[in-house]
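Asks: Below you will find the structure I want to go over with you.
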Amino acid sequence: MARKTEIPSSYYGEPQKFDPTFRGPIHNRSCTDVLCCVIFIIVILGYIALGTVAWIHGDPRKVVYPTDSHGQFCGQQGTPNANKAILFYFNILQCANPAVLINLQCPTTQLCVPKCPDRFATYLDMQYNYRYNKSHWEYYRQFCKPGFDNPRKSVAQVLRDEDCPSMIVPSRPFLQRCFPDFITRNGTLTVANKTDFKDGLGKTRSVTDLRDAANGITALLDAKEVGIKIFEDYASSWYWILIGLVITMVVSLLFILLLRFTAGVLLWVVIFGVIAAVGYGIWHCYWEFSLLQGKPDADVTISDIGFQTDFRVYLQLSQTWLIFMISLAVIEAIVILMLIFLRRRVRIAIALLKEGSKAIGYIMTALFYPIITFFLLAVCIAYWAVTAVFLASSGDAVYKVMSTQPKCQYANLTCDPETFNKTNVTKVCPGAQCTFAFYGGESVYHRYIFILQLCNLLIFLWLVNFTIALGQCTLAGAFASYYWALKKPGDIPACPLFASFGRAIRYHTGSLAFGALILSIVQFFRIILEYLDHKLKGAQNAFARFLLCCLKCCFWCLEHFIKFMNRNAYIMIAIYGKNFCTSAKDAFFLLMRNVVRVAVLDKVTDFLLFLGKLLISGSVGVLAFFFFTRKIPVIQEEVPSLNYYWVPLLTVIFGSYLVAHGFFNVYAMCVDTLFLCFCEDLERNDGSPSKPYFMSPGLHKILRRADQAGKQYSGS
């Protein structure tokens with residue numbers, strides 16, 4: 001048998017020496033990482049300046065309202081286009097794709113109209129029918145330029161000057177723009193029940209030409225319809241969604257309060273409750289699968305029917321229930337195997353959670369701190385979103401020469417509409433016009449809009465991570481005050497949460513900003529890699545895709561490692577008041593010197609807390625399912641009429657998990673803080689009268705169990 005190599009303790013740093021005056025979080029502190037604090041404050045002031053400049057130059061109406069060829073907003077009150085909220089394209093066949101349409105760069109005249117055309121017509125047909133019925137012109141003229149009233153003008157001159165469209169097709173508004181009204185009938189694409197039409201020159205064209213010119217619009221129109229139905233569902237069910245989230249909050253709070261007195265029993269109930277719930281799910285899926293076996297159309301595969309907005313369609317397929325059953329069986333097997341192999345560690349972790357519940361019992365205000373974090377995060381998200389919209393809408397109207405002649409040398413060059421008629425462009429290129437193209441500019445500010453958007457994203461990530469770091473450091477300081485109180489609860493300082501928050505803001509803003517900046521940079525690069533991956537999905541270069549996949553994996557691992565180190569560094573900052581690098585180093589070496597205890601206690605408690613969140617959100621989700629599917633007879637009449645019952649259901653499940661996560665995150669921070677303090681206590685003291693332990697007798701008992709489990713683990 002090979003000899004085990006002894007690694008000296010100095011390899012993982014020197015343990016802390018006994019300090020008889022140490023009584024928990026140090027109150028006589030000094031500011032740490034001052035340079036980073038100054039930079040952080042300057043960046044915040046710069047971010048405010050960036051938002052102000054974006055607000056001055058930006059105009060959200062450019063995003064909300066479409067713009068005609070003269071740079072005027074459609075539907076804007078107080079303008080001639082107040083009652084003309086829809087943009088109409090003279091010749092949609094000249095538009096290559098929907099991105100060109102939406103970006104207002106389609107090389108055809110664009111006009112604001114009150115409504116979209118509802119019939120096929122050409123200017124040639126209108127002139128012919130005008131002789132017999134003048135109503136044809138009255139209808140057609142609303143899609144011509146304002147002020148044009150000469151239906152007898154020759155077709156060639158009208159098309160040259162683009163006074164009127166050469167043709168109109170039945171359309172419907174989407175994103176306030178007129179797009180052909182595509183309808184698929186029996187697998188055939190039609191527009192107004194027609195498969196062909198006449199263009200402005202009298203040539204018969206297929207409606208597929210319209211589809212090619214507006215490729216992807218059909219899918220977008222369907223997406224809009226789904227979006228409207230989802231909005232209607234939220235409008236009619238928001239009250240019940242809110243009730244579901246309130247129920248989750250009350251259950252989570254009661255769960256944590258019960259842990260204070262019945263931690264052992266309650267956590268075992270959670271464990272077996274999850275196993276029983278998943279087991280029932282497996283049985284129910286098997287029962288549904290058996291009922292559908294042999295039924296006609298039930299053996300159709302999911303890939304055959306494709307994506308359906310009505311999820312009830314999938315529930316009629318036997319394959320759906322088979323997939324559910326296999327997935328739940330795998331989850332059940334994983335949970336049971338983990339409990340079998342970690343049964344001793346689970347008992348130890350439950351004892352540690354019971355100790356954590358005592359700390360929360362003495363500092364109940366900590367449970368409500370996530371409300372402050374949610375509020376600060378909401379402010380950061382709102383400011384980032386508003387700034388991004390104003391930056392995106394910054395710029396002046398840019399006009400370009402648009403010519404119907406393909407060989408015009410001035411085509412696509414910028415022009416000034418006020419002086420355009422005085423130039424020789426119209427002489428060289430007859431019929432050329434100076435029309436609005438897009439919003440932009442040639443100033444330094446406009447040239448660096450994209451860079452400013454990236455800065456907006458990076459600072460947003462920095463502020464979000466700083467907010468999370470502030471919450472972690474505040475909670476860590478409060479729970480450390482509980483641990484390092486020699487006589488509990490008598491020695492616990494008054495208002496520990498408020499005092500910890502004050503210390504974090506006053507002394508350690510720089511350190512928290514430093515750790516948040518490191519994490520934000522990694523997240524920023526991850527976002528860039530995701531963007532590149534999205535752009536290269538159709539690339540044929542296998543090596544590039546492989547390299548990108550490896551980089552994404554590495555940055556994912558790096559991000560999670562930094563999150564773990566930052567969390568423990570903030571705990572050390574809350575206790576000792578040192579700078580970020582020193583605290584991160586001390587936390588790392590402390591964890592390495594207690595790596596077996598980390599495996600035994602820390603991660604198993606995370607697993608138990610995850611099961612608690614899963615049980616609460618799952619239970620509320622099941623209740624919401626029975627409610628929204630009208631399976632509770634008592635309140636059946638109260639259920640709102642819904643297009644898709646899965647919209648409020650998924651919202652309740654996801655929201656419940658977030659609410660439970662907010663409460664349980666306080667518990668997790670408490671356990672992590674007690675664990676680090678526990679390790680520090682072991683290295684500083686030995687339990688003698690001269691070096692007494694600060695830990696409670698119950699926590700000391702946990703230590704002996706953990707050490708025994710660790711020795712058995714290392715011996716095996």
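Note that Cβ sites are derived from N, Cα and C of the backbone, with glycine treated the same way.
Straight from TrEMBL, here's the annotation block:
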- 34-56: transmembrane segment (TRANSMEM)
- 238-258: transmembrane segment (TRANSMEM)
- 265-283: transmembrane segment (TRANSMEM)
- 321-342: transmembrane segment (TRANSMEM)
- 362-386: transmembrane segment (TRANSMEM)
- 459-486: transmembrane segment (TRANSMEM)
- 507-529: transmembrane segment (TRANSMEM)
- 541-562: transmembrane segment (TRANSMEM)
- 607-628: transmembrane segment (TRANSMEM)
- 644-664: transmembrane segment (TRANSMEM)
Asks: Quickly jot the same-chain residues contacting the transmembrane segment (265-283) by Cβ under 8 Å, restricted to those at least six beyond its ends, or write none.
Replies: 255, 258-259, 324-325, 328-329, 331-332, 335-336, 339, 346, 350, 353, 608, 611-612, 614-615, 618-619
Asks: Do at least three CB pairs under 8 A connect the transmembrane segment (362-386) and the transmembrane segment (607-628), leaving out pairs fewer than 6 apart in sequence?
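Replies: By the criterion, they do not touch.
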Asks: Would you say the transmembrane segment (644-664) and the transmembrane segment (238-258) are in contact under the rule of three or more C-beta pairs closer than 8 Å, pairs 6 or more apart in sequence?
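Replies: Yes, since the transmembrane segment (238-258) and the transmembrane segment (644-664) share at least 3 Cβ pairs closer than 8 Å, they count as touching.
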Asks: Quick one: do the transmembrane segment (459-486) and the transmembrane segment (644-664) have at least 3 Cβ pairs under 8 Å, skipping pairs fewer than 6 apart in sequence?
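Replies: Checked: the transmembrane segment (459-486) vs the transmembrane segment (644-664), no contact.
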Asks: Would you mind listing the long-range same-chain contacts of the transmembrane segment (644-664), meaning Cβ under 8 Å and 6+ residues beyond its ends?
Replies: 229-230, 233-234, 237, 240-241, 244-245, 248-249, 252-253, 255-256, 309-311, 367, 370, 373-374, 609, 612-613, 616-618, 620-621, 624-625, 628-629
Asks: May I ask for the residues of the chain that lie six or more residues beyond the transmembrane segment (34-56) and have a Cβ under 8 Å from a Cβ within it?
Replies: 383, 386-387, 390-391, 394, 445, 452, 455-456, 459, 462-463, 466, 509-511, 513-514, 517, 580
